[in-house]
Each structure stands twice: as structure tokens, then as C-alpha cells.
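Residues or ranges marked as Mn(2+) binding site in TrEMBL: Asp22, His210, His212, Asn246. The domain 'Pyruvate carboxyltransferase' feature in TrEMBL is assigned to 13-275. For 399-523, the entry in TrEMBL reads region 'Regulatory domain'.
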Amino acid sequence: MTEHASTAGGDRVVIFDTTLRDGEQCPGASMTFDEKLQVAELLDDMGVDIIEAGFPIASQGDFESVQEIARRAKNATIAGLSRASFKDIDRCGEAVKVAGKPRIHTFISTSPIHMKHKLQMEPETVLQHVIDSVGRARNWVDDVEWSAEDGTRTDLDFLCRCVEAAIKAGATTINIPDTVGYTTPAEYRELFRQVRERVPNADKAVFSVHCHNDLGMAVANSLAGVEGGARQIECTINGIGERAGNAALEEIVMAIKTRGDVLPYEVGVETTMLMRASKIVSAVTSFPVQYNKAIVGRNAFAHESGIHQDGMLKNNQTYEIMTPESVGVKSTSLVMGKHSGRHAFKEKLKELGYSLGDNALQDAFRRFKDLADRKKIVYDEDIEALIDDEILAAHDRIKVVALTVIAGTGGPQKATMTLDIDGQRHTREATGNGPVDATFNAIKELVPHEAKLELYQVHAVTQGTDAQAEVSVRLGGGGRSFTGRGADPDTLVSSARAYVHALNKLMSMQDRLHSQHSKAETA
Ligand code: KIV
Ligand code: ZN
């Protein structure tokens, strides 16, 4: 049994986060190396038991990020995903072996439709792959998870044979995913009950749920699987993932914490960090969080109607089943004004959960002063947007220095842009069909590129006409997409920052590929 299983006792449920693997796999959600490290660090600090850091065979970049996350992890087990081939497993073993607690997660499809059309293998060959792949993974690590892809559409007898063989070959966790989001709570609960009852060595492994949200039942199905005896839940922050996404970590954790009376399980996640995790994942992927999303949506704790407000004022339990503070939502507080000093600012950052080095602190303080000069009220959300912007752009080769835009009814709109490119300042003018177009054209003049604009999105960080605008821009190039983000009270400055940020990511990927090529040529 794994360490998690033994600490799990009867009712400890292990949280396995796959934001960096299944979440990142969905189109448009790709993250850079630094962003992955940032998310992994937060998950680790938050008490997530297992972080699935990536799919090492997928690319050199994936391999390196899994390895670095494995190296840096303080408490969490670090898992890497691999298919059933020895080449995949060895690459995965190489990446995770530096972790204090490494895990190899290997999978193969077991449903008739997948075996016939995707794998083009007979069931007996699949069974042999299960045995061989788990055995190979055990040569690298003691902690091996085996998954039956499309498990919920698999013949029960065959599933039981595979599970038994996987455990016999050394798998310590058995995952039965609802890969296509097809199951229902009652069916999934029963599946776990039956498999655990029928498989003779079932007590030697921890069972795991992994649910996709195609019918909107991923969280309900996951919890039902736990009722059926599973003790590991695979999920992602904000529920990001393939198609309709995966089960949302924050919803699962809060359901267990809030309904202990009917879900008598323990989870180790620090719930006050959920909101921060949601914001970071949304920022780095630029997947907005739906306003009415449970737990972390902007309206999740808003009480607009008069009747509700009246009830809340008399007793907040009238309409609140959990407090906003318990998930890290602070009542919007007035921060500091333009007279606030560096010390107060540093204290505020600490309270918000940031720790910046001296140089980053200096830059952030300068931007805070600038913001406080321009904006009447500076809220916690403003500071968070500003710091996230600063952290995300810290390693950028290109930076926005100045922007002047002439806009209005007269047209054409004109932008004059100054960028710092590798330490040198350059200025260009460009016109466009509107001020945003003119701004982006000026950037293209300064940094010629072929990338296409795939998404442009603006939202206000707080209320009021002087609110900061947070802009997301997605650029596509070379078969991949990169998302950038910028925040500023001036929407055009945020737009420029977001575009330049995305461009930096794209160029850093191109630089990486280029240096790999050169290394390969000189080897
Ligand atoms: O959905 C799925 O089946 C998966 C497996 C690789 C675990 O993500
Ligand atoms: Zn999945």
C-alpha cells in the first residue's frame, strides 16, 4: 500500500490534482515552464497530496517541467503520466525520480470501442500490456498508479481481470476514469463497489475516481465513487480540462468540508487558498471563471436581492452554507492610498500570500504608487492583479515602456509605442481600425511576427469607471497558442501588456526549440 493509503485510514480521501496534465491538455490552456512551477508551488503549499505535473514523453518542455516540479516539491507526491509503452514509462521515471515522493501513472484503454478502434488490440494483448507496463514502472518507483482509460464503458469482467493483474504486477493505486463523462452517480458508486468486491486483491490498492464533466456530473460522480470505496479523487482547479473539463477540486473539497454529515471524509487541502489557486490558474491559462461558478465564481457569495440581504444582515446562516473567508474570499477591503509606505505595502503583500524578492518588490511598489495616484480607491483585487502582472512578466525579453494613442470618431486611430527589447528602447507609430488594432499594429512593427490573434478579452478587476482593466490575449503560432495578460486602469495599456506578454511566451518557446535544434546538431 502507498503511504497515502496508510495515512488515509478509513476515511482520508487523497486529493490528486491534474491541472498541469489533464487541465493543461485542453486547447488554449497551455502554460509556460515558469507558470507551471508557480501553479505547482501553490498546490504543494495548499496541501494537495499528489500533483500530476505533466506527460514527460509529450515534449522536451513537458519533461523539463515535470522534472523541475519533482525537484522542488516540498510535501506532495509528484506524478508523471505515461502510456503503456516502455519508452513512455522510462521517460516518465527519469523525470519524476528526483522527487522526494515520485509516482508513475500509466494507463491503457480497456473499453471495447477504444481497444478496437484506438488501440487496434485484442483484449488479451491489452491485459499483457497492463502487466508489462506496471512491472516496468515498478522498476523505477514503488508508487505506481494504473488507469483503465474509458473505464466506465468497459466490460465489468474484463475490468476486474485488468485491475487484479495490475495490482499483482505492483500497482498501488487503481484509477477507473469516466473518460468521456458518461456515467451517473448511482452507476459509478456501484462500479467501485462491484470491482472492490470481485477483485480478490483489491484491498492491496487505493481506488481512484477521475471524472470528466460532459454531462455536468463530474463532481457528483466523483463523490459517489468515494461512497463506493474510492479514496483518491482526481480533479483540477476551476475544473479545467479536455472538452467540458474535469471535476473541480474546489467544489469537491468544499462539498466534503461542508457536508461532513453525509460525506464523512477527511481531506488535507487548506481551503482558504482555493480562491488564490483559482485566480492563478485563470490568469495563466486565461480561461475566465464563470461568474456563477460554485465556490470561486465572482458571484458565489454575492447576495443581491433585498430578501436575501435582509436575511443575511439578521443572520448570515440564513443564506450562506459556508463563509467566503473559508475559501479565501476576503470582504473587499480598502487597502492603502498614495501615502502608504513601502513597509505597509510589504505587509499587505504578505497578507495576500505573496513573497517577492527585493527587485520585484521595488518594481511592484513603484507600480502601486502609480496606481494609487490614478485610482481613487485601491482594493486588494487591484494589488493582486498588479502583482500577478508583475510576476508573469518578470522574465519577459520585451517590455512595454510607453504608449500614446489618438482615438475618437475621426479615424484612423494612431498608436505610438515604445518597447524595451533586450534592454534597448525602440519606438514606432502605426494606424489601425480602432485604438486596440493600432496598438497591436505598432507592436507588430516593432517585433515582426506571424502569430495570429486568437482571443482578445477584457474584464474590470473591481467596480467603477476608474477600475483596472484586465486584458487577456491569445496568440497562435507554430501549432501552439500562448496567452498573455495585462492589468492597468488604461485598457489600451493593459491590451499592449497582454499582447506583449503572449508574444514573449511565443518567442521563448521558439528560442527553446532553436537551442534544442542547435544542441542536436552539434551533438
Ligand atoms: O480521462 C482519462 O481517462 C485520463 C486518463 C489518462 C487517466 O485522463
Ligand atoms: Zn482525463
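Cβ atoms here come from the backbone N, Cα and C positions, even for glycine.
Features recorded in TrEMBL, as mapped to the structure shown.
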residue	record	Cβ contacts under 8 Å, 6 or more apart
Asp22	Mn(2+) binding site	Glu52, Glu234, Thr236, Gly241, Glu242, Asn246
His210	Mn(2+) binding site	Thr18, Ser147, Asn175, Ile176, Pro177, Asp178, Thr179, Glu234, Asn246
His212	Mn(2+) binding site	Pro177, Asp178, Thr179, Val180, Gly181, Ala218, Gly241, Glu242, Arg243, Ala244, Gly245, Asn246
Excluding its own, the Cβ atoms lying within 10 Å of the Cβ of Asn246 (Mn(2+) binding site) add up to 32
Of Asp22, His210, Asn246, the binding-site residues with C-beta less than 6 Å from an atom of ligand 1, in sequence order, are Asp22, His210
In the three-state DSSP scheme, Asn246 (Mn(2+) binding site) belongs to strand
Over the region 'Regulatory domain' (399-523) the mean pLDDT stands at 87
Once DSSP output is merged into helix, strand and coil, His210 (Mn(2+) binding site) belongs to strand
